[in-house]
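Reading through the structure tokens given below for one structure.
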Amino acid sequence: MARTQAEPPASQPDARAAWLRDQLERANYAYYVLDQPDLPDAEYDRLFRELQQLETDHPELVTPDSPTQRVGGEAAGGFTPVVHDAPMLSLNNGFADEDIVAFDKRVADALAKTTDLAGSVTDPVEYACELKFDGLAISLRYEQGVFVQAATRGDGTTGEDVTENVRTIRSIPLKLKGKHVPAVLDVRGEVLMFKRDFARLNERQRAAEQREFANPRNAAAGSLRQLDSKITAQRPLSFFAYGIGVLDGMPMPDTHSALLDWYESLGLPVNRERAVVHGAEGLLDFFRKVGEKRESLPYDIDGVVYKVNRRDEQERLGFVSRAPRFALAHKFPAQEALTKLVAIDVQVGRTGAITPVARLEPVFVGGATVTNATLHNEDEVRRKDIRIGDTVIVRRAGDVIPEVVGALLDRRPADAAEFVMPTECPVCGSKIERLPDEAIARCTGGLFCPAQRKQALWHFAQRRALDIDGLGEKIIDQLVELNLVRTPADLFNLGFATLAELDRFAEKSAQNLIDSLEKAKHTTLARFIYGLGIRHVGESTAKDLAKHFGSLTPIMDASIEELLEVNDVGPIVAESLHQFFAEEHNRTVIEQLRAPGKVTWPEGPPAPKAPQGVLAGKTVVLTGTLPNLTRDAAKEMLEAAGAKVAGSVSKKTDYVVAGAEAGSKLAKAEELGIPVLDEDGLHQLLEGNTP
């Protein structure tokens with residue numbers, strides 16, 4: 001939804017109020033009618049509070065259609081309007097502890113004034129505390145215990161009839177339990193989608209190549225407002241009851257907590273994360289406890305709700321135009337907020353991964369001030385169309401690294417600049433490469449790059465590489481931070497006196513590490529190659545390289561085509577090896593490691609090239625006695641041709657060579673349909689002919 005109107009300054013209250021009303025109404029329309037929210041909740045709350053304050057300071061600016069005078073958006077087309085018998089009001093919000101203390105004081109003072117002891121000190125107020133679900137508010141109507149209608153909140157007075165869709169939600173009873181049910185009951189509650197159900201729904205959307213939902217709230221809202229209830233029936237929606245509209249034929253429970261207990265006895269789903277507390281201290285304690293378990297809950301919440309527990313006290317407190325005086329929503333720090341993206345830098349990870357990072361104007365989100373946020377990778381920046389200068393949505397949930405969710409395209413300045421991935425590492429200057437079919441670009445600096453230094457040293461020292469006992473991560477951290485070690489070659493220059501001065505490093509530990517370094521100087525070529533930490537080169541590949549080439553220099557000088565001749569080395573591994581050894585920095589470090597008095601290993605001649613004939617890689621079984629060849633001679637000839645000689649017949653056998661008195665192996669081959677050859681057939685294979 002475009003917001004093209006220029007933003008007036010606070011010094012023009014008339015124009016500012018009109019602009020705020022316009023922004024909020026557009027957001028309401030996108031949120032409630034289109035189900036396409038384009039403004040983060042925190043930004044909406046900020047604009048709403050500003051308009052409230054402006055209208056308080058300038059009462060003449062209040063208009064009948066101001067968003068402060070009603071709850072939400074109008075009913076959308078396609079559904080029958082439903083007028084609520086009792087309004088579905090929203091709640092006022094609190095954010096800081098001070099807001100909660102002030103709410104409790106207002107309630108206590110108001111209750112005191114309505115008693116005979118006006119103004120006197122009373123006992124702490126009793127409150128019912130619940131979770132604030134991130135879903136869609138609805139009203140369920142039961143007549144004589146039978147479900148007859150469901151309606152969305154809409155604008156609080158008129159909603160939309162979604163009865164047929166709600167019938168598909170299995171947690172909602174179509175008939176209330178018990179013999180004594182009211183003549184009419186309007187149940188207020190929330191339709192939502194559990195996290196696990198949301199994940200499964202998006203899996204199905206991906207499999208069907210359909211658009212995925214952004215979050216569980218959007219999925220729940222979109223599912224509930226489907227014109228075809230068959231689609232809703234396929235969506236895993238849930239419901240929790242938390243309030244009441246109309247009750248006829250039975251007395252109203254005395255307290256809100258008793259209402260929820262009664263709902264449970266009727267078979268209505270009520271959330272168990274609730275409590276009855278006293279005073280502001282009890283409210284804040286409940287909030288903190290819920291906050292600690294928030295991330296582990298199976299559904300999304302954005303705060304908690306406090307309600308004066310006693311029904312008679314609720315009635316005495318009454319309502320303001322938009323919300324009840326007896327209730328408050330205590331919201332968690334916003335998980336999303338708007339700010340300006342001022343630059344995009346790249347960060348080099350411990351394995352050389354290049355990550356674009358957004359530099360932001362400071363914004364408070366998720367309980368902390370955020371100035372940087374991840375953009376993940378180059379493809380994500382392109383997909384989200386994020387540019388320098390954009391107004392962006394930043395998300396921070398719990399301990400998760402802040403990320404840029406997207407940009408508000410209608411606020412994009414004319415000079416917004418696209419991100420360009422650098423070609424050289426900003427830390428070491430080495431070439432940045434991105435392999436085919438990979439989302440992550442990487443610095444090829446390897447051993448030389450300071451950003452990768454600690455990881456490279458740790459890998460070089462681990463047991464399956466140079467096996468430097470006593471060189472753990474904490475020691476490596478100190479060595480790097482004190483600038484004592486820059487590359488693996490520097491490890492072998494360390495002396496006893498230097499090591500003994502390290503924090504928490506006794507003389508015995510220093511001597512043990514010196515001994516380990518001396519021992520590590522004598523290794524194998526395979527261990528050395530593995531210790532270099534070349535991407536995609538594991539122990540097995542390192543052994544294959546050492547066996548194939550025999551020495552290090554031919555590996556370093558090999559072309560991609562020559563590397564592809566090595567057993568189990570494919571295009572990705574060959575490209576990674578070639579890039580690593582093409583970097584002059586890496587070759588320099590290797591030469592330093594091979595200097596006199598440093599690392600040595602035995603070298604040998606390259607292995608004979610593997611046969612490429614028709615028998616290469618085939619499995620052959622010998623059975624019986626051949627006329628002219630002994631079994632050992634036949635085996636040597638087959639292995640020289642690249643075949644593997646097995647001792648038993650299976651589905652993996654390619655040929656069976658059978659002589660006199662072949663026995664059970666021949667029978668098994670015939671049973672499995674495996675080709676059986678005599679000695680002449682064997683010679684044809686050895687000569688490169690397929691029999």
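Backbone N, Cα and C define each Cβ position, glycine as well.
Pulled from Swiss-Prot, these are the features on record:
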| type | residues | note |
| --- | --- | --- |
| ACT_SITE | LYS132 | active site, N6-AMP-lysine intermediate |
| BINDING | ASP41, ALA42, GLU43, TYR44, ASP45, SER90, LEU91, GLU130, ARG153, GLU190, LYS307, LYS331 | NAD(+) binding site |
| BINDING | CYS425, CYS428, CYS443, CYS449 | Zn(2+) binding site |
| DOMAIN | 610-691 | domain 'BRCT' |
*Three-state secondary structure of CYS449 (Zn(2+) binding site) from DSSP?*
coil
_Taking only the residues in the domain 'BRCT' (610-691), give me the average pLDDT of this model._
83
*For the binding-site residues CYS443, CYS449, work out the Cβ neighbour count at 10 Å and name the residue with the minimum.*
CYS449
*Would you pick out, from the binding-site residues ARG153, LYS307, the residue whose Cβ has the largest number of other Cβ atoms within 10 Å?*
ARG153
*asked:* Which one is it, among the recorded positions LYS132, CYS425, CYS428, CYS443, that lies nearest to ARG153 (NAD(+) binding site) by Cα separation?
replied: LYS132
*Which three-state DSSP class does CYS443 (Zn(2+) binding site) fall into?*
strand
_My understanding is the cutoff is Cβ-Cβ under 8 Å with a sequence separation of 6 or more in the same chain; which residues meet that for CYS425 (Zn(2+) binding site)?_
VAL348, ILE354, LYS431, ILE432, CYS443, THR444, GLY445, CYS449, ALA451
_Remaining residues near the recorded Zn(2+) site, that is with C-beta within 8 Å of the centroid of the site residues CYS425, CYS428, CYS443, CYS449_ = VAL348, GLY352, PRO426, VAL427, GLY429, SER430, ILE432, THR444, GLY445, GLY446, PHE448, PRO450, ALA451, GLN452
*To the nearest whole angstrom, what is the C-alpha distance linking LEU91 (NAD(+) binding site) and the residue listed as 'active site, N6-AMP-lysine intermediate'?*
11
*For CYS428 (Zn(2+) binding site), what residues in its own chain, 6 or more apart in sequence, show a Cβ-Cβ distance under 8 Å?*
CYS443, GLY445, PHE448, CYS449, PRO450, ALA451, HIS585
_Spatial neighbours, same chain, of GLU43 (NAD(+) binding site) - Cβ under 8 Å, 6+ residues apart_ = ALA337, LEU338
